[in-house]
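Asker: Following this message is one structure expressed as C-alpha cells.
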C-alpha cells in the first residue's frame, strides 16, 4: 500500500515522499504523460509499469509486510499479490536512492500540463 511504499522511500532515500516524490516530474505521483524528465522520473515510470503487471491486485491499498536485513528490503511471503506489490515498491525505492544525485528540486510540483509528447512505453 502507499503506507509501506512511503516507509520504504524514507528508509532508502531519507526524503519524505510528500512532497519530494508525490508530484515530481511527469510520472511520480500519477499523471503519466510525456517522456520522463530525468532518472528519478524514470524510476516512477518503471514503478507504474510494474503495477500494470498486477491487474488483479490493489497495489495502493493492499497492505504487506517487509523487513530490512543488513540495509536491504526483504519482502515477506504472504499472498502472491502482496509479495509482487512489495517487490514493485522495493524496486522503486531502491531506484530512487540510486538516483538521488540527479534529483532536481525544480521538478517537484511539476505542472502536469507541461508533460507533453509520447508516453514512453514500459
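Heads up, the Cβ atoms here are built off N, Cα and C, so glycines get one too.
Swiss-Prot lists these features:
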- 26-115: disulfide bond (DISULFID)
- 28-44: disulfide bond (DISULFID)
- 43-95: disulfide bond (DISULFID)
- 49-122: disulfide bond (DISULFID)
- 50-88: disulfide bond (DISULFID)
- 57-81: disulfide bond (DISULFID)
- 75-86: disulfide bond (DISULFID)
- 105-117: region 'Important for membrane-damaging activities in eukaryotes and bacteria' (REGION)
Asker: Can you check which residue among the disulfide-bonded residues 50, 57, 81, 88 has the largest number of Cβ atoms within 10 Å of its own?
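Answerer: Ranked by Cβ atoms within 10 Å, first place goes to 88.
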Asker: Cβ-Cβ under 8 Å from residue 75 (disulfide bond), same chain, 6 or more residues apart: which ones?
Answerer: 64, 66, 83, 86, 87, 90
Asker: Which disulfide-bonded residues from the set 26, 28, 50, 81 come within 10 angstroms of residue 95 (disulfide bond), judged by C-alpha positions?
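Answerer: Near residue 95 (disulfide bond) by Cα: none of them.
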Asker: Tell me, which disulfide-bonded residues from 26, 28, 57, 81, 115, 122 are within 10 Å of residue 50 (disulfide bond) if we use the C-alpha atoms?
Answerer: 122
Asker: Need the DSSP three-state call for residue 75 (disulfide bond) to compare against my parser.
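Answerer: DSSP assigns residue 75 (disulfide bond) to strand.
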Asker: Within 10 Å of residue 26 (disulfide bond) (Cα-Cα), which of the disulfide-bonded residues 44, 49, 57, 81, 88?
Answerer: 44
Asker: Please tell me which one of the disulfide-bonded residues listed here (28, 43, 44, 88, 115) sits closest to residue 57 (disulfide bond), measuring Cα to Cα?
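Answerer: Spatially nearest to residue 57 (disulfide bond) by Cα position is 88.
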Asker: Relative to the Cβ of residue 115 (disulfide bond), which residues of the same chain, six or more apart in sequence, are found under 8 Å away?
Answerer: 25, 26, 31, 33, 34
Asker: Determine the Cβ neighbour count for residue 43 (disulfide bond): the number of other Cβ atoms within 10 Å of its Cβ.
Answerer: 25
